[in-house]
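Asker: Below: one structure in structure tokens.
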Amino acid sequence: MMGDESGTVAPLMSPSEKRRALIRMSSDIHDELQAFRRWLKWLCLDQSNAWTSCLSWFVFVAMSIVIPALSHFVLACSDCDTRHSRPYDAVAQLSLTGVAAISFLCISHFVSRYGLRRFLFFDKLCDESETVRKGYTNQFNRSLKILFIFVLPCFAGESAYKIWWYGSGGTRVSFLGNVIVNNTVACILELCSWFYRTVVFFLVCVLFRLICCLQILRLQDFAQVFQINSDVESVLKEHLRIRRHLRIISHRYRSFILWSLIFITASQFSSLLMTTRPNADVNIYHTGELAVCCVSLLAGLLILLRSATRITHKAQAVTCLAAKWHVCATVDSFDAETPVAIRGDEQFVNTASDAEDEGGDEEDELDNCKFDPSYAYSTISFQKRQALVTYFENNRAGITIYGFMLDRTSLHTIFGIEMSLVLWLLGKTSTANRARVDDGDGRITGNDAQKFLSMSNLSRQDLKQVWSIADSKRQGYLGYDEFVVAMQTKRSPSARYPSPERISGNQLQHSSSGSWFSKTGKMSSRPVTSIVDGLKNLYIKKLKPLEVTYKFNDFVCPLLTSSDFEAKPMVMLLGQYSTGKTTFIKHLMGCTYPGAHIGPEPTTDRFVVVMNGADDRSIPGNTIAVQADMPFSGLQSFGTAFLSKFECSQLPNPLLEHITFVDTPGVLSGEKQRTQRSYDFTGAISWFAIKCDLILLLFDPHKLDISDEFKRVIESLRGHDDKIRVVLNKADQIDTQQLMRVYGALMWSLGKVLNTPEVMRVYIGSFNDKPINNAAAGPLGEELFQKEQDNLLNDLKDIPKKACDRRINEFVKRARAAKIHALIISHLRNEMPAMIGKAKAQQSLIDNLANEFAKVQREHHLPLGDFPNVDQFRERLSGYSIDKFEKLKPKMIQCVDEMLAYDIPQLLKDFRNPYDYTN
């Protein structure tokens, strides 16, 4: 920095150049700045030559950018406890690095352009009085002390925080082999970086204060001209010189003051926004470093603003001093010969003497309320004094920032604006916090639970077990019942408490759970407090636009609504008539639902959804299909003929609080299956299969034949093999030998229809309220039936627990299907001609649809098993004009890919067990 201030002058330099160079160099061997230069060299701020300049920039980049970045991205402990997490580290590091960068650039520019002596106005001291020179030298010698008065307390606080953080295991990244050496080196580097950045920032602030002190000394010295018999010209010249110096200071520092004010204000607002956001964990462990950073920045800003407003106030006090001088001289000129004037002078002097003790050291020659008799002596005419006072009143001096005077009034305005912004921000965040806390959904998220359960003083492993037991459904939040279980488990985490629901014997025992899901018909984006909310937001923003663009709802399944995400798990029962479907539901609930008919003949001739309700009632299909809070609006596509054969039965039942049953008509056989269906029975079964979490195929030992309609129904379930369970009901009607033969025949029949190498799970039993027929089954059969029934009930019990996982699974399947559908449609659209022969080309594409599927599969490297059924797709495609479809939009495909690759995994990570930090 100081290369232009020391060294020898070339002999060939012209006299004018030599004079300009000497201004920027030390004028004698007694250099006042020699110690200051050495101190700057130790800080690596010296840029006297190319080598020191490169070293200065290298140290700046290393200390201000590299080390903070390594600390934030590399040394942070991602799997440590909550005390060692650093959620506000980014704000602290960016804030300190930002002001350090502004300060470094400014001081580099100042000294390289003006030189250190000229920048600090040492080259002008020869024109000042002895009082000004001595006062400024004393202020300069005190500058380093003032600098460290501000730096050392902040550095001590930061040192204490860093030593605690590293000493207590804040990082586990070992780059030097030994953990102690690793932590020591990392701690020293971070502290050096902090010290360097704060010193650079405070250095510029203290130098500005020093320069302001020089101008204050000049103004105080300027006040002496009113105590001597000075002429107007000399007073005016001195004031113009002071104004010029103030204008130079303002011009040099205006950018630094403005950008520091903007940057520090933005930093403080960012800190305030982060610490007052919902679920912000504010404590000394997390916000200690941020607090020290904020104090450091505000202290530096206070030095700048106080120095600027102080010198502005002193400069404007000259007007008051001149007016007092004018008044005293005027009074003296009229009353110099009268005794009253003398008595008045004595009265003024006594008054000033009485008030002298109260004024203290705050008053000086510029700011005082004393009457000085020397002011009363002046040989200047009244008109000249009046003109001089008028000049002072209309030419107020001070520090300006791009034309705006930085005085106490402007400072109050700045603070008033910032206070208004703070109050507005606090109002917004408090409203958001209240909305977050009182959102009415009855959910406690992982962050909320961490704060509350941490007061139990249990270990992380115990708290992890408490959350796992309470959140048995893995929804990512705790409802009322789950919270009660968590509180009970917290008392004894080593004990194995049951989940909020149990299945025991013939009845599912549930606690009253209130409302699991909010009942909103219109889907909208809202704060995500569960996995279901996250899936809804992803569907709205990324998947639904793709489905609408390429008419996925017309080819595969209708668009999803909010009720589809919030619906309870559903279990669908399929089978031929009189296989015990309705009796099975009655057996599980312990009662009959409204509208149920049981008999040996085909009694259930309609689809019946059995749901929980306040009272017993039946709702017609046309009514239930248009209710926004019910997930059955997609059934309207099957027409009135189907809706007339569809109804909803509601009744209060503990089991139905968590599971919904779908009772279906018995599958017909023979000629009936072609003549008595007025709606698409197979299509309706396929629609319900997508929505259901479990599908039970019921068989009767006396009805093992699979009709053509039943075969089509089973084939329509393809893609949902993981949901299918087979139940051989009424098994106590045959003996053990016949049961073995029936079981073998059933497996053979299913193997021909399902076409899968895996063996389907078959439950054997008699699921009704009647006692087991021991005469036919025997003791071995009774034990077998009981075990099979327990296994089936356990499978049903797991449905609520796995409902969230199932919903994610179905969502991913739907996203992949929608993506493949969009690629197929866009491929067919591209194969269409632009002008002539569209009908012929479309028919050719439809006829060779399998080949087109293969082309898409090869082009995009997609699994062939994810493609839709060719015949069904061909049937639906024949009703559309392919040239009317949209062309491929890569951004939509990219959104779905990002959702599958990043958003959904991140969603599962956000709502996993909050005490599980395993990556």
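Note that Cβ sites are derived from N, Cα and C of the backbone, with glycine treated the same way.
Found this in TrEMBL, in case it helps:
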type	residues	note
COMPBIAS	504-520	compositional bias 'Polar residues'
DOMAIN	458-493	domain 'EF-hand'
DOMAIN	565-801	domain 'Dynamin-type G'
REGION	494-520	region 'Disordered'
TRANSMEM	50-70	transmembrane segment
TRANSMEM	90-111	transmembrane segment
TRANSMEM	146-166	transmembrane segment
TRANSMEM	194-217	transmembrane segment
TRANSMEM	253-272	transmembrane segment
TRANSMEM	284-305	transmembrane segment
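Help me picture where these features are in the structure shown.
Answerer: Predicted-model confidence for the domain 'Dynamin-type G' (565-801) is 81, expressed as mean pLDDT.
The list of residues near the transmembrane segment (146-166) in space but at least 6 beyond its ends in sequence, with Cβ under 8 angstroms from a Cβ of it, reads 84, 183-184, 186-187, 190-191, 194-195, 198-199, 202-203, 206, 209, 288-289, 292, 295-296, 299-300, 303.
Taking Cβ pairs closer than 8 Å, the transmembrane segment (253-272) reaches residues 88, 91, 94-95, 98-99, 102-103, 106, 204, 208, 290, 294, 297-298, 300-301, 304-305, 308, 399-402, 406, 414, 418, 421-422, 425-426 in its own chain, all 6 or more past its ends.
Sequence-remote contacts of a segment are chain residues at least 6 beyond its ends whose Cβ falls under 8 Å from one of its Cβ atoms, and for the transmembrane segment (284-305) they are 82-89, 91-92, 95-96, 99, 150, 154, 157-158, 161, 198, 201-202, 205-206, 208-209, 257, 260-261, 264, 267-268, 271, 275, 406, 411, 414.
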Asker: Short question: which residues 6 or more past the ends of the transmembrane segment (90-111) have a Cβ under 8 Å from it?
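Answerer: Residues packing against the transmembrane segment (90-111) from afar: 1-2, 45, 47, 56, 60, 64-65, 68-69, 71-72, 119, 194, 196-198, 200-201, 203-204, 207, 252, 255-256, 259-260, 263-264, 267, 270-271, 274, 289-290, 293-294, 296-297, 300.
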Asker: Looking only at residues six or more beyond either end of the transmembrane segment (50-70), which have a C-beta under 8 A from one in the stretch?
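Answerer: Distal contacts: 1, 3, 41, 44, 93, 96-97, 100-101, 104, 108, 189-190, 192-193, 196-197, 200.
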